[in-house]
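Undergrad: Sending over a structure as structure tokens; questions will come in a sec.
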């Protein structure tokens, strides 16, 4: 799905996002409660000369889980090794990663909910006892070899905390859920990022981009890059509200942050007249896979009250009808 408001990382974004990513808590905007607690835990671990306990970050994509992992690495003065669960296909893959860690290293696993049960079994003793149990052979002749590992901190990131097994989730001593950002926070992020791109972004322009960014920093930064293109073509060093509006309208992102796919989704639900539509039916109608709908399209709509998710399916709320400028008919239960 080729969308400018796509939340998943694009490969070409990696270098760009890294250059705009804050390296310490002083430069990190938002998630104040999480920052406050992490600062305490990091200071305590450094005072005791210990590794941090294992950390789990959950929440919608694009809110800064990877950024926080890198900041923790910086604040702890530790090396960080990054991977993603889909890349760990066999227990041997995980064993190779773990045995290459040094004392005090941080291992960051993105999409950790996608680890297979067999991989999780290898991870349990590594997290609890800093030990790797390797089974040699099979059947009655099988032997278990125990390998000691250096003490390390595992940081897991997930958009679906509910898909983690209880044994894995319980092994994380610190668990934080990242929340969507306020427009004012995103505007500050955008103005700081614009300076790194050798531009000045007016406050009104930053707020205009922010309110169309689905409360998500990754989307806000991606939109900023596209707005910058419009400014560059017009030889403008300052990004104005007028230029931001022109660029965003040209990109097909409306004032609510919806693009064509969001509008198709909401039109499908509102056309059902308050009858729930199942996920499989929505996926078929939109020609999208169910994971994309659950992980990319729905989180923002759910968080902002545009849709309701029931046991029977999805229902458009009154807010959706208003967004599409449609009349909303109350159900018998609402009257």
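The backbone N, Cα and C atoms fix where each Cβ goes, glycine too.
Below are the features listed in Swiss-Prot for this protein:
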- 20, 21, 62, 65, 66, 67, 128, 129, 130, 171, 181, 218: ATP binding site (BINDING)
- 66: Mg(2+) binding site (BINDING)
- 309, 314: DNA binding site (BINDING)
- 1-181: region 'Large ATPase domain (RuvB-L)' (REGION)
- 182-252: region 'Small ATPAse domain (RuvB-S)' (REGION)
- 255-335: region 'Head domain (RuvB-H)' (REGION)
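If you look at the structure here, what lies around each of the features I listed?
TA: Residue 130 (ATP binding site) carries neither a helix nor a strand DSSP state and counts as coil.
Classification of residue 66 (ATP binding site) by DSSP places it within a helix. Sequence-distant contacts of residue 66 (ATP binding site), defined by Cβ-Cβ distance under 8 angstroms and a gap of at least six in the same chain, are 82, 108, 110, 157.
In the three-state DSSP scheme, residue 314 (DNA binding site) is classed as strand. The C-beta environment of residue 314 (DNA binding site), restricted to residues of the same chain at least 6 apart in sequence and closer than 8 Å, consists of 269, 276, 277, 278, 279, 282, 298, 307, 308.
Residues of the region 'Small ATPAse domain (RuvB-S)' (182-252) grouped by DSSP class, helix first, strand second and coil last, total 50 helix, 4 strand, 17 coil.
In terms of DSSP secondary structure, the region 'Head domain (RuvB-H)' (255-335) contains 40 helix, 7 strand, 34 coil.
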Undergrad: Looking only at 130, 181, which of these binding-site residues has the biggest number of Cβ atoms within 10 Å around its Cβ?
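TA: Per the Cβ count within 10 Å, the most buried is 181.
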Undergrad: Roughly how many Å lie between the Cα atoms of residue 62 (ATP binding site) and residue 309 (DNA binding site), rounded to a whole value?
TA: 22
Undergrad: I'm trying to understand the geometry here, so how far is the Cα atom of residue 309 (DNA binding site) from the Cα atom of residue 181 (ATP binding site), in Å to the nearest whole number?
TA: 22
Undergrad: Using DSSP and three states only, what is residue 181 (ATP binding site)?
TA: coil
Undergrad: Taking the Cβ of residue 309 (DNA binding site) as the centre, how many other Cβ atoms fall within a 10 Å radius?
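TA: Excluding its own Cβ, residue 309 (DNA binding site) sees 14 Cβ atoms within 10 Å.
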Undergrad: Around the C-beta of residue 62 (ATP binding site), how many further C-beta atoms are within 10 angstroms, looking at every protein chain?
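TA: By my count, 30.
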